[in-house]
């Protein structure tokens, strides 16, 4: 017999066996012998039928797939895979064979898709909580008129001769015949007459009557009264583990099938709902019947390792930047040394040349005298005859004769000549031995690449400028004219800005109070102007108004830039404003602060050597060379002195080469020598055409003489004098105010304006009349009320003299408390509105300077933030240590409970991680607000600033979940994997970091910290609140705490390759939260 025939006979045999089996199943109703037929005793037939029934159950997923996805898509991603893991009984279909032996019409007792939907929808519509005593809705088989024994819990009935299609999802079959106890491995709910197979991971044995309690153990349902033939059947319900925990395989045991429970062995652990036992880790402890493995040893080892690493980082964090700074300092010292050697060689050569020149002159003089004596002693020669050679004029014969060979110059002489011809040489005075040749074309400008070359170039230029200044000290007018070309090559002229203002008046909104009134004048390029006056004269307000920074005020009058009216903000890229407070980054060095400002604010096309030259020039001029590598310092950490910090504050604006430089009390806190050093630096800036104006409080006489112009303001913001410093004494002397001998002019003038020094009564002049005298002296329009003061009349007029604006009446009706409060609120709102408009609205750029773009500034911000984070690494280490301790404590205190999926521990986790990460993230923007406003007002990119901060915080966003989870996971040991927990924690930390950003930007630090503490607690309470209120539910759906808790619980409810199947636990997720 051939092989093909043998295969054909085998195939026919299988078909005959299956057809006889199916026919026997269909005709079971005709057989009255319960379970004693030949079919029931055939193990092969039972096994074949069990596989057939298992396939039928597995195929039901296609009918229920849509409903499962609609209701449980939040935790079931692959319906077919999950259904296969839950109802694939092909590996162990023993309970099906056992049921067939008991009930030959088993397939007529199994629930259809319609009945399954009816069962689960009945309790899901009531909130998802299944009560053991709850009844299902009335249906065709179980209602008030029909209540067969199969309607009782644990019992089921057959459909008889009616055909049953398990995939029928629309009709419930009539099923009231041959009611009997439910088979093992199935559950029969109260109110329907069919059986539903228990999924894998459940344990559904037959119930036994407890005679003492009268309930059917382990399912706790009672037998119907008055029916002695009714006995305990199978399981009566299966839903979530909270409602039907007795159906699931208990912890410490595993259930290969739904009717078999095996205790867990030593070295293995079995969680609740396990179908197999899992091997414990190497250092874990697993006793017999262990429901979980004890992996605390791993947590302790990890804690010790991380703690040791944190200690090392905490103590050695400063070495990272210190090494880099030492390398840079070495390069700078090398450049200085090379420059010093070059200068020494130049001096030696100059002195040698002078000596040689002196000796040559002496030798020439002596030789001239000797030859003149000999020539005088000789007799005159006979006259030559005409026509002879002697009568011809002497001709030069050197061109045809051989010239004597010149002596070759030595190596040292060549180098000296090169240094003289090229004093900017970057090679220095280095004598090469042998045949080594020095570079003939040293790199310059853009060709400079190495750090040493750049520093050598910068210091060379600075030394040249110093030498030029020394030469200019004693030059006459003709000498200055002769060196004009050399000065122009060193000092670059900048774009000039002239600020002119006319009738400038500033009034507080809503209060009718003048902060400044009728101020007229101008600030010219190349001049240093000083604004002085007593306290309350509006000096800072005046400078702020010129820069367009007068929030909450009404500004009248005109301000012209280079003769044109317009917003000064259009020139903000070339305007420097030095605030009164020292707003400098304390965790950066002096050089790093200046270098960052130069890179972000200088022209993008300016070569790096030129930028280095600018920074080095500012450091040299401000006398910061000794502290250039020192940290500026903060309140907590001591740094440079207060005077040095004030000079760094000024240097931040000087390094960007402004065209207009406004300074608010730059000499406050400085001694006399430091103030003179600062003024000299500003005078040098003025040589480049910079317009400099500054507020000064009672400078010394030496400083006073260094100013070009003086603006003297009286109280109320009125101008008393505006003109050259040299003519101030002459003007006041014309008013009868004579300066005493040895008196400091600014001190005397301010004392007069303060009323400390009384004016001479013989002149008839008062302090209040001084502003009017100045206005009349220059022909400016004077308001009528000010003229009345001059004439001795009471200030009552609504008109104005000379076209000026009238002052507001002071005798108005008193305002009530409510009206005053309303004015305060309006003023506050208007001030905030002006702040937003000033910082958000951008005007057209007229500065003619193209600064680096957003991406370039983003790179610079990243570099600065990296240095700041490295220097503040100890703060970060403390944050990580607190997270470690929090994970250890919460992981230990929160008990692992498979019935709640660790919801308690995860609730603590959400609150704890939210609190710690929010408070830490508040430092990102909350501590640098003043620095941001200063940089933003100077034209730096806000987008680059935010992106750099956010990018740097991504490191914490990635690391902090790992730090917390390294302790919590090993001490709590949840069902879900490390990856699932880390992903949820990553999203949680990212979310709370964003919320902390918003809080730190909108609120002050104290209020932001309070909100950071309240939000996680309140939102968690709302998310876990069991109220049926629609409002509370809606708010809870918007809470990030609910999203995090659901994600944690769902990750524990899902089946994975590392945890035993926990079938369809998603049904309890939404209700428990």
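Glycine residues also receive a Cβ, built from the backbone N, Cα and C atoms like all the rest.
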>> Labelled transmembrane segment by TrEMBL, one stretch among 841-858, 859-876, 877-894. Can you tell me which?
In response: 877-894
> Among 780-800, 801-821, 906-926, where does TrEMBL put the label transmembrane segment?
Replying inline: 906-926
> Given 249-271, 272-294, 295-317, 318-340, which one carries TrEMBL's transmembrane segment label?
Replying inline: 295-317
>> Can you identify, from 752-772, 941-961, 962-982, 983-1003, the stretch that TrEMBL calls transmembrane segment?
In response: 983-1003
>> With Cβ-Cβ distances below 8 Å as the criterion, list the same-chain residues six or more beyond the ends of the transmembrane segment (877-894) that contact it, or say none.
In response: 299, 303, 306-307, 310, 313-314, 317, 902, 904-905, 908-909, 912-913, 916, 920, 956, 959-960, 963-972
> How does the model score the domain 'ABC transporter' (499-740) in terms of mean pLDDT?
Replying inline: 87
